[in-house]
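Participant: Attaching a single structure in structure tokens format; questions to follow.
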Number of protein chains: 2
Amino acid sequence: MKEFSLIDTYFRSVSFQRKDVLLGIGDDCAITQIPAGQALATTTDTLISGVHFLPDASPKAIAQKAIAVNLSDLAAMGAEPAWLSLSLSLPNVDEQWLQAFSDGFKELTEYYSVQLIGGDTVQGPLAITITAQGFVTADQALKRSGAKPGDFVYVTGSIGDAGLGLDILLDKVQVENPQHREYLLNRLHYPTPRVFAGTSLRRVASACIDISDGLLADIKHILNASQCGACLQLDKLPLSNALLESVDRDRAFHYALSAGDDYELLFTVSEEQKSSVDRVLACSNVPATCIGQINGAVGKVDLKLDEQSYAYSQTGFEHFSSAQPSNSAKRA
Amino acid sequence: MKEFSLIDTYFRSVSFQRKDVLLGIGDDCAITQIPAGQALATTTDTLISGVHFLPDASPKAIAQKAIAVNLSDLAAMGAEPAWLSLSLSLPNVDEQWLQAFSDGFKELTEYYSVQLIGGDTVQGPLAITITAQGFVTADQALKRSGAKPGDFVYVTGSIGDAGLGLDILLDKVQVENPQHREYLLNRLHYPTPRVFAGTSLRRVASACIDISDGLLADIKHILNASQCGACLQLDKLPLSNALLESVDRDRAFHYALSAGDDYELLFTVSEEQKSSVDRVLACSNVPATCIGQINGAVGKVDLKLDEQSYAYSQTGFEHFSSAQPSNSAKRA
């Protein structure tokens, strides 16, 4: 099968068709139209087999996670997703794999009304790079740099689930309850980008990031960009029943603080806007939990449990780090 | 070295700073502004070590080729380049390699006034994916689908050089003349995207594509999209002295027809616009040569040499094809 017919067969018709795409797949470039008054938000994320997902992961999960991690970046900016470009590196042409991958791709692009506008298909080690583009007005973009001392720290949904899901997959932890097990694995394989929550928070949040590397690692990006510190209350962390009933409390904190891959939004809100959080998030049906407060101790995170300091040193996963946390084996 | 400091060190300051980039590297997304009345052109290309370049290629050449092949797609659309996103997959952190790569990146982004606005750095096999974005008005975009019977077929610069350059590199061909050898290798390693020619041709060309896979393979994309055929005069092909003096005539035709990697523009022009070609290209200092004419034989290419039919069956390189031309060994 030739490269071009491959693209034609599996990707030309997979995605939602948008009116602002004047020219889609099949020419040297896609041509798209930005709504008047909007700026363009662009993000790129790559997933590599054996690094970001296990080599035997299902093609549907790979496709949907690759989309989700990119839409999550748009969400963290408060941007409305519009278009995707896909670079797919494949060791060989496996039609069954491609069909499942493109089916998964189609499902999520339709759900989020985003259109695949182009890309590249090359022969090489299995890897997926997606560039996602979306809209936000320049003055409403949720930057990392807007947090101020006194702001409250929130996180959407629950955190730590994907980390435990990975350890289940790697046979490091046994979870007997089949519903918990399925829930945790789904949180790892099918993260939900908080797209609607992100756009809802535009006028409310002072800073925002998505949790990909772990709560501690990602809040530090906000703290560094905003030149401030934070105090987090561990007893406030939103932890799922599946997590709490599967491991002891300290291990649950560890997953929540360091495991990453949850793709929840971590955001800060000024005291004046605090009363708006629940209201604006109601329409997106995503709960948010206040887990602490910003302070002036630049770059520092104080962890408290029941008013006491909580000693914890593990930071989130970073590529190329010589000291990788043990829960990141999949990405080592 | 951590991933984030790696990005900071090598890429945060490498590129030209544009006023339309409201937020660059360092947040969840870049935020950029499109000029009023312009549409956005987007293209993505991936280069993989051992597939698109030899594993020992210089980091400067890899960086500049990765940029060039993307800018070439924008040029083929008549778009003015603006922003790049870079996904860089590296097996390990080699500071010398990264410095040379980012130096090469900086040089070309400054030359073309494009800004690196973000991306991803991951640990994996050496691969570079770039998404390039640029501007063009929707009605002036140079599509593949606009060619009509009677239109004249043009190509910029000279073709076949990069293919011979590759065969030199692979020790398949010996070129004794050191100047020719250097010229041919430079054509392979440092292709020139015809950016200024592309924007100059906006009101003149009826269809356009860049030659990445070979003249024959790429003209077929125009013919299929435009539902027409073409007759090409081999004696009109623009062949460099370096090519003509290094191999015999038939071999030179082979490189020009099938070797690809030249990144010249292949475009069609109606009879009414024919007199404008030289005038609009004069400012870009790129010659264009009329090599044939479009006809109604849908999807067919007739090759003529001195008014006689020329028998030739080799088509350009395609990924995943079981019958790869011998000159594509680097990409097998």
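Each Cβ is built from the backbone N, Cα and C atoms, and glycine gets one as well.
Annotations in TrEMBL come from automatic prediction, not curation.
When I checked TrEMBL for this same protein, it listed these features:
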- A:D28, A:T43, A:D73: Mg(2+) 4 binding site (BINDING)
- A:D28, A:D73, A:D210: Mg(2+) 3 binding site (BINDING)
- A:T44, A:D45, A:D120: Mg(2+) 1 binding site (BINDING)
- A:D45, A:D73: Mg(2+) 2 binding site (BINDING)
- A:H52, A:D261, A:F317: substrate binding site (BINDING)
- A:G119, A:D120, A:R144, A:S212: ATP binding site (BINDING)
- A:D213: Mg(2+) 5 binding site (BINDING)
- A:26-136: domain 'PurM-like N-terminal' (DOMAIN)
- A:148-297: domain 'PurM-like C-terminal' (DOMAIN)
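Each of the listed features needs to be described in terms of its position in the shown structure.
Facilitator: A:D73 (Mg(2+) 4 binding site) falls within a helical segment according to DSSP.
Taking Cβ-Cβ distances under 8 Å and a sequence separation of 6 or more, A:D28 (Mg(2+) 4 binding site) has no neighbours in its chain. DSSP assigns A:D28 (Mg(2+) 4 binding site) to coil, not to a helix or a strand.
Under 8 Å, Cβ to Cβ, and six or more positions away along its own chain, A:T44 (Mg(2+) 1 binding site) finds A:N70, A:T129, A:I130, A:T131, A:A132.
Residues within less than 8 Å, Cβ to Cβ, of A:D73 (Mg(2+) 4 binding site) and separated from it by at least 6 positions along the same chain comprise A:T43, A:D45, A:A132, A:D210.
In sequence order, A:A162, A:G163, A:L166, A:L188, A:P191, A:S212 are the residues of the chain that are 6 or more apart from A:D261 (substrate binding site) and have a CB within less than 8 Å of its CB. DSSP assigns A:D261 (substrate binding site) to coil in the three-state reduction, outside any helix or strand.
Within 10 Å of the C-beta atom of A:D120 (Mg(2+) 1 binding site) sit 24 other C-beta atoms, taking all shown protein chains into account. Following the DSSP three-state reduction, the secondary structure of A:D120 (Mg(2+) 1 binding site) is strand.
Confidence in the domain 'PurM-like N-terminal' (A:26-136), given as mean pLDDT, stands at 94.
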Participant: What are the helix, strand and coil residue counts for the domain 'PurM-like C-terminal' (A:148-297) according to DSSP?
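Facilitator: Per DSSP, the residues of the domain 'PurM-like C-terminal' (A:148-297) fall into 68 helix, 29 strand, 53 coil.
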Participant: What does DSSP call A:R144 (ATP binding site) in the simple three-state scheme?
Facilitator: helix
Participant: Roughly how many Å lie between the Cα atoms of A:G119 (ATP binding site) and A:H52 (substrate binding site), rounded to a whole value?
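Facilitator: Each residue's Cα considered, A:G119 (ATP binding site) and A:H52 (substrate binding site) end up 20 Å apart.
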Participant: Would you mind listing, in sequence order, any of the binding-site residues A:T43, A:G119, A:D213 that have a CB less than 8 A from a CB of chain B?
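Facilitator: Listed in sequence order, the binding-site residues near chain B are A:T43, A:G119.
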Participant: Here's one to test understanding: among the binding-site residues A:D120, A:R144, A:D213, whose C-alpha is closest in space to the C-alpha of A:H52 (substrate binding site)?
Facilitator: A:D213
Participant: When you measure from the Cβ of A:R144 (ATP binding site), which residues in the chain that are at least 6 apart have a Cβ under 8 Å away?
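Facilitator: When sequence neighbours closer than 6 are ignored, A:R144 (ATP binding site) has A:A207, A:C208, A:I209, A:H221, A:I222, A:A225, A:S226 within Cβ distance under 8 Å.
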Participant: Measuring Cα to Cα, how many Å separate A:D213 (Mg(2+) 5 binding site) from A:D120 (Mg(2+) 1 binding site)?
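Facilitator: Cα to Cα, A:D213 (Mg(2+) 5 binding site) and A:D120 (Mg(2+) 1 binding site) are separated by 28 Å.
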